[in-house]
């Protein structure tokens, strides 16, 4: 930039001195600014006040009688005078200026500077990524025997202790690559160190466990480092602490849920429906947690089959026991949380208040109803008394009618029984006892099921038939046939009137 050289020459400074002043005055924050080709006045020379600046006025078009330029009619006229000139110092500013200064200071070309800056940016990005998955290595962990891989913390081995079950596949991949580059036996040999690949084998085993979804779940199921202990009553004496502490506990337990997403504990503003859904979810928790990782190793030899079956059975019983204990442990967690949840008490109080309100409304309604009932009772008693008197009269009349009907039935029954006797029980000569019993048996069956109307109808026909045995029998047969058709008698029950 020629203007930078001109500025340095005008001030009697070198370019390096100008750059040094710029960095000293502006600091490194200037690097973050976008390039703006502007001049910034120095502090000792403040910008001019608006009053010092020239005013702008729009000149209207010339009048119609304007005759052109002359001494009497000039083409221009002064609106205002210019402000006096002020001598000011200027400084370069912006990212482009800093890039130029960097290239000038290091003697780089544009392409060289771009390449070096890109490499530095990539290195910073890589260092930041490594920082995310970097943590101090425990000397005891470095000295661990690779054979005891079940007892190692696979996340700690890869430097992912703070992530644990939340670690992504990409983080596991980066962490493994970083550990391999640091602890590979060939690298130690090249550095002149004693070759010991025990921890390297631990790294490989951790990578194997955490990249296999099934094996990782088995390890996560027994990863106590990821558990959050339930708080004590003293720790959750305040509502804010209650929600914070217990939310952390259930967030940790939620990693075992087959159903996602898992309801949140919420806060004071949660509705009763949300709170009920939360506790219903955890009281019916569907967990995928298993305990195969803690199994005793089963021998692979074929000679000790009985011993192998014994170990497998022992492992199955141990898994079942741990699962039962885990279910009981989780249920106690939910019980303890529920017992200290002030929202449950609040909802219960609201329910009782609503219940009391309904009870009061019910009592008022009952009182009003009682008053209305008392008012209507006198009228009801009066109407009842009138109805009773009317019913008494009707009862007496009905009683007489009933007795009259009863007497008519008795009379008709006598007529029916007498009618068969008058026709000699339908026998030509003296009837036998069997014939008499058969006829009377059919008559009794008819009388046992016939209603008064059917009985009266038969008597009317018998009165017409007189002592004509044939007509009497026809009248009986028609009457019993009607009862058979109505289902009151069975044809097989009759012996004479069929």
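Keep in mind that glycine also has a Cβ here, set from the backbone N, Cα and C atoms.
Those TrEMBL annotations? Automatic predictions, nothing curated.
Sequence annotations record features per position, and here TrEMBL assigns compositional bias 'Acidic residues' to 127-138.
Under the heading compositional bias 'Basic residues', TrEMBL lists 175-186 (among others).
Panel annotation: around the compositional bias 'Basic residues' (307-322), residues 290-292, 294-299 of the same chain, lying at least six beyond its termini, place a Cβ under 8 Å from a Cβ of the stretch. Annotated compositional bias 'Basic residues' per TrEMBL: 307-322 (among others), in sequence order.
TrEMBL lists 348-359 (among others) with the feature compositional bias 'Basic residues'.
Per DSSP, the secondary structure of the compositional bias 'Basic and acidic residues' (360-410) breaks down as 51 helix, 0 strand, 0 coil. Annotation source TrEMBL lists compositional bias 'Basic and acidic residues' at 360-410.
When the domain 'J' (153-223) is classified with DSSP, helix, strand and coil residues number 51 helix, 0 strand, 20 coil. Feature annotation from TrEMBL assigns domain 'J' to 153-223.
The region 'Disordered' feature in TrEMBL is assigned to 41-72 (among others).
Taken from TrEMBL, the feature region 'Disordered' covers 108-140 (among others).
As annotated by TrEMBL, region 'Disordered' applies to 175-194 (among others).
What TrEMBL records for 300-325 (among others) is region 'Disordered'.
Feature annotation from TrEMBL assigns region 'Disordered' to 348-411 (among others).
Per-class residue totals from DSSP over the region 'Disordered' (300-325), listed helix then strand then coil: 21 helix, 0 strand, 5 coil. If one looks beyond the compositional bias 'Basic residues' (175-186) by at least 6 residues along the same chain, the residues whose Cβ comes under 8 Å of a Cβ in the stretch are 130, 133-134, 157-160, 167, 195-197, 199-200, 203, 206-207.
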